[in-house]
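Input: a single structure, listed below in structure tokens.
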Amino acid sequence: MQQPRKLYVKSFGCQMNVYDSQRMADTLAREGFTETQDPADADLVILNTCHIREKAAEKVYSELGRLRKAKQEAGSDTMIAVAGCVAQAEGAEIMRRAPVVDLVVGPQSYHRLPELLRAAGTGARVVDTEFPVEDKFDHLAAPSRAATRARGPAAFLTVQEGCDKFCTFCVVPYTRGAEVSRPAAKILAEAERLVGQGVRELILIGQNVNAYHGDGPDGRPWSLARLMEALARIEGLARLRYTTSHPRDMGADLIAAHRDLPQLMPYLHLPVQSGSDKVLELMNRGHSRGTYLDLVRDLRAVRPDLALSSDFIVGFPGETDADFEATLDLVREVGFAGAYAFKYSPRPGTPAAGHGSQAPEDVKSARLAALQKLLEASKVAFDTSLKGRTLEILLEKSGRHEGQMIGRSPYLQSVVVTNPPAAIGDLLAVTITEVGPNSLAGRVPALASSRPLAAMEA
Ligand code: SAH
Ligand code: SF4
Ligand code: F3S
């Protein structure tokens with residue numbers, strides 16, 4: 001019998017890191033680790049890091065500084081591991097800058113954690129940033145029923161990892177490696193297991209999720225649309241989402257899936273980055289403003305209630321005022337329900353970082369503020385349009401106040417309801433009564449048209 005040990009995992013960056021952190025915790029559960037929310041209480045701390053922008057990458061060093069101090073003060077021998085995209089991109093640098101780190105592990109080596117920890121436990125400082133030949137998904141442990149229940153009724157499931165697109169600003173193709181799709185049968189098995197444990201909503205994730213082309217059980221490659229068609233047949237699975245998509249891979253069958261699959265939520269995150277053709281070309285995006293707008297039109301034609309969100313970069317090298325205006329103009333034209341906007345951050349080793357005409361910081365700041373203001377207005381307009389409408393929400397957790405529960409709308413908004421006649425894991429129809437900056441409030445319609453389905457089993 002192993003000694004019980006405590007694990008603290010902190011995730012930065014995207015949803016793939018959240019999923020990976022869960023799978024690391026599941027795998028270490030087999031080694032006798034239970035999770036704690038308090039780093040001071042942990043025998044092992046894992047920082048699962050993000051390298052996408054400079055600020056994100058630097059966070060790991062400030063976090064390590066805090067951990068070093070806490071460790072010294074407590075005189076503890078907590079082991080410290082750095083995982084994720086910073087680990088992959090600058091493993092040796094981490095070891096040099098942060099002597100407190102015992103182990104660096106890249107995203108493709110998580111299944112090796114138990115043996116790497118044993119090696120680090122002997123006092124050696126260990127770095128594993130290989131891209132191994134074996135499939136890590138075959139070796140990572142599945143979550144226990146208790147772990148799945150604790151994570152709630154909506155679960156992430158990685159179907160594709162890595163990227164071959166090489167946008168000129170982006171580190172992901174270097175940190176996550178080449179695009180790989182998991183075989184459909186393995187995804188279906190993982191989905192069935194999760195649904196059997198009470199999951200009602202699956203969020204299929206991948207850096208380029210709609211480029212999915214995994215081997216199908218029929219020996220042919222399956223598209224994401226084909227995969228979702230099979231997933232939609234799993235009894236008890238109420239909702240499907242997928243993220244993040246690239247405009248280049250929105251095939252006709254995927255667009256049709258938005259019409260044909262009732263489980264597929266009418267909300268799509270489709271990053272466009274810029275509204276200027278010149279900038280899109282410099283970014284090597286492989287799509288134009290026009291092809292993006294065509295896609296939006298085609299998607300809305302098959303699913304009129306579809307809402308869109310997006311990502312934008314401002315101050316990309318070479319972006320002029322006119323290019324930036326074209327971005328604002330695209331935002332007005334599409335009317336996004338939400339979006340993220342970022343200042344361009346030059347990343348080591350990416351082509352755009354070496355571009356001669358980097359935008360000054362004040363230009364980036366001014367453009368970011370203008371874009372964010374417009375995006376916020378667009379979001380508020382969308383949220384406000386839902387007032388008085390009845391939406392189905394998936395109840396996810398208890399709220400802050402007595403009797404309150406929080407659910408998710410089809411559009412990923414948090415919706416607060418008081419004393420709903422339902423439990424976590426239920427779908428419930430609610431009428432939206434209030435629209436706040438971070439959440440909506442709703443009530444169950446008087447003529448109880450709520451449809452509580454089976455709760456997550458005890
Ligand atoms: N795979 C996704 C997004 C990956 S990163 C896609 O292809 O769209 C998430 C977002 O971070 C990107 O959409 C982009 O808007 C932003 N981003 C990526 N690299 C960046 C950089 N160097 N500077 C600023 N923002 C960046
Ligand atoms: Fe990065 Fe572009 Fe790949 Fe998205 S598609 S992960 S932005 S290189
Ligand atoms: Fe960040 Fe890596 Fe995700 S760089 S956004 S954690 S793929």
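Glycine residues also receive a Cβ, built from the backbone N, Cα and C atoms like all the rest.
On a predicted model such as this, the values are computed, not experimentally measured, just so you know.
Marked as domain 'MTTase N-terminal' by TrEMBL: 5-122. As annotated by TrEMBL, [4Fe-4S] cluster 1 binding site applies to Cys14, Cys50, Cys85. Taken from TrEMBL, the feature domain 'Radical SAM core' applies to 149-383. The feature [4Fe-4S] cluster 2 binding site is assigned by TrEMBL to Cys163, Cys167, Cys170. If you look up TrEMBL, you'll see 384-446 marked as domain 'TRAM'.
Where TrEMBL records a feature, it is marked here on the structure.
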{"residue": "Cys14", "record": "[4Fe-4S] cluster 1 binding site", "DSSP class": "coil"}
{"residue": "Cys50", "record": "[4Fe-4S] cluster 1 binding site", "DSSP class": "coil"}
{"residue": "Cys85", "record": "[4Fe-4S] cluster 1 binding site", "DSSP class": "helix"}
{"residue": "Cys163", "record": "[4Fe-4S] cluster 2 binding site", "DSSP class": "coil"}
{"residue": "Cys170", "record": "[4Fe-4S] cluster 2 binding site", "DSSP class": "coil"}
Integer average pLDDT (0 to 100) for the domain 'MTTase N-terminal' (5-122): 95
Distance from Cys170 ([4Fe-4S] cluster 2 binding site) back to Cys50 ([4Fe-4S] cluster 1 binding site), taken between C-alpha atoms, in Å: 12
Where the C-beta lies under 6 angstroms from ligand 1, the matching binding-site residues among Cys50, Cys85, Cys170: Cys170
Among Cys85, Cys167, Cys170, the binding-site residues whose C-beta sits under 6 Å from ligand 2: Cys167, Cys170
C-alpha spacing of Cys170 ([4Fe-4S] cluster 2 binding site) relative to Cys85 ([4Fe-4S] cluster 1 binding site), in angstrom: 12
Entries of Cys163, Cys167, Cys170 (binding-site residues) sitting next to ligand 3, with Cβ under 6 Å as the cut-off: none
Chain-internal residues, separated by at least six, CB under 8 A from Cys163 ([4Fe-4S] cluster 2 binding site): Cys170, Val172, Pro173, Arg176, Ala178, Glu179, Gln207, Asn208
Between Cys14 ([4Fe-4S] cluster 1 binding site) and Cys167 ([4Fe-4S] cluster 2 binding site): CA-CA distance (Å): 17
Neighbouring C-beta atoms (10 Å sphere around the C-beta of Cys170 ([4Fe-4S] cluster 2 binding site)): 21
